[in-house]
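Below: one structure, written as structure tokens.
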Amino acid sequence: MHPTRRSIFRTCSCLAVSSLLCATAFHPASAQAQQRGASPAPGAASQPQSTLPAPSEALLTEIEGIYKDIHANPELSMQERRTAGIAAEWLRKQGYEVAEGVGGVGVVGVLRNGDGATVLLRADMDALPMQENTGLPYASSKTGIDPANGQETAIAHSCGHDMHVAWLMATAHILSENRDKWRGTVVALFQPGEETAEGAKAMVEDGLVRRFPKPDVVLGQHVMPLAAGQVAISSGTILSRSDSLEVMLFGRGGHGSSPETTVDPVVMAASAVTQLQTVVSREIGMTDQAVITVGALQAGSSANIIPERALLRLNIRTFDDQVRERVLASVRRIITQQAELSRSPKPPTFKTLSTFPLTINDEDATRKVAEALRERMGADRVQPASAASASEDFTVLARAWDVPSVYWLVGGTDPDTYAKAQKEGRPNDIPSNHSPEFAPVLQPTLRAGIEAMLAAASPWLVSGQAHR
Ligand SMILES: [Zn+2]
Ligand SMILES: [Zn+2]
């Protein structure tokens, strides 16, 4: 379906999920910029055409403080009340019309500034149920109850959504302070529950389309383990589809000393997990792509008790609907047959935990955004992005209005650390999103994300830049 994207993905030397991007290869823009000697230092963005100013040092200092506060006070999906409150208060102070509690705790701020296009800028707000291990002075020590299992858990911003909130707050501020430099309407949307694929859907179901101005384009960005100061963007498929399942396998419990009186679900589950490894390796062709991860395997509590059941939680990533259907059918077949082989007293149950759509960047809108990014930030800071096996519910918002959307990636890894890892051939050692060590460097990451969002919105908002 996307042969160009596929070929970039396949020939890229840094294929692993943690890299996500092809760092320097296939980068004609970068080569051209270097030939011209145009290589502005990270963070020192030039603005050849855009009239929206860069963030001031005072704003960056204030936003850094807010970022650290949100980082130290993370909230789980659909529980982001404190973060939403900070964003709502900020927007109100900047003169936005603000709606809170959209789809639970979502926030929508609208700034009307005359006739012109409407641009929706989106940030997600949720953190993860995991322990942070960054050693940062503003690291999280928060805990809470995970609604997925009712158990207490550590909470950490290990996906970087706190950075997304800070970027959008600063961007909203600059747009508000510089209304003489653009026309149109800006919708600043702070979305809850991205990690669980609940948030965008909940906001749509709460009347997003009916209650707020229809955007001409929906824009979003994510911090990733790419060199800080760099952005990556491509049209077409940029993020994979994702399906998460929960499977319960049933056995017959009994004494660990007498396995002949039982049906052991632990062995059943272990066999199923091993067999699942053959789906991608033996049933998917080399031109297709899929990932199956069994992220949870839970059974029993004692060495000498054979339990009654075993639970698996699986995650499946694909780029193609037909491949997805095949993988889902194979997963179901293998687990069901393994239960039969193991004399399970009843068939396993399958429950869908979450489904994320493909994230596909609109071709025309992406071209405009990529041009604007190159103009504002310098061509050598804008790379092509490979389709990544990460997933997002971002496109749910654009699909609700049936409008184009563009999603790009912003580097958060210290540039020296990134360059060293690349040079030593170990890019996968860089902590990726969802790692307990994931810790974006504050600068130039904060500044780059603000610059990127201002640049991306400019083709629709800034006079003379529309419809280039
Ligand atoms: Zn995440
Ligand atoms: Zn994320």
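Here the Cβ of each residue, glycine as well, is placed from N, Cα and C on the backbone.
Just so you know, TrEMBL annotations never went through curation; they're auto-generated.
Pulled from TrEMBL:
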type	residues	note
BINDING	CYS159, HIS161, GLU195, HIS222	Mn(2+) binding site
COMPBIAS	33-50	compositional bias 'Low complexity'
DOMAIN	246-339	domain 'Peptidase M20 dimerisation'
REGION	33-54	region 'Disordered'
SIGNAL	1-33	signal peptide
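Structure with TrEMBL features highlighted.
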| residue | record | Cβ contacts under 8 Å, 6 or more apart |
| --- | --- | --- |
| CYS159 | Mn(2+) binding site | ALA127, LEU128, GLU195, ASN433, HIS434, PHE438 |
| HIS161 | Mn(2+) binding site | ALA123, ASP124, MET125, ASP126, ALA127, GLU194 |
| HIS222 | Mn(2+) binding site | GLY160, HIS164, ALA390, GLU392, TYR407, TRP408, LEU409, VAL410, ASN433 |
Requested in this report: Let me know the DSSP-derived helix, strand or coil state of CYS159 (Mn(2+) binding site), please.
Outcome: coil
Requested in this report: Mind running the binding-site residues CYS159, HIS161, GLU195, HIS222 against ligand 1 and keeping the ones whose CB falls under 6 Å of it?
Outcome: CYS159, GLU195
Requested in this report: Find the average pLDDT over the domain 'Peptidase M20 dimerisation' (246-339) in the predicted model and report it.
Outcome: 97
Query - DSSP helix/strand/coil residue counts for the domain 'Peptidase M20 dimerisation' (246-339) - result: 41 helix, 31 strand, 22 coil
Query raised in the report: Counting every protein chain present, what is the number of Cβ atoms, excluding its own, within 10 Å of the Cβ of GLU195 (Mn(2+) binding site)?
Result: 20
Report summary line: Taking the centre of the Cβ atoms of CYS159, HIS161, GLU195, HIS222 as the Mn(2+) site, the remaining residues of that chain with Cβ inside 8 Å are ASP124, ASP126, LEU128, GLY160, HIS164, GLU194, ASN433
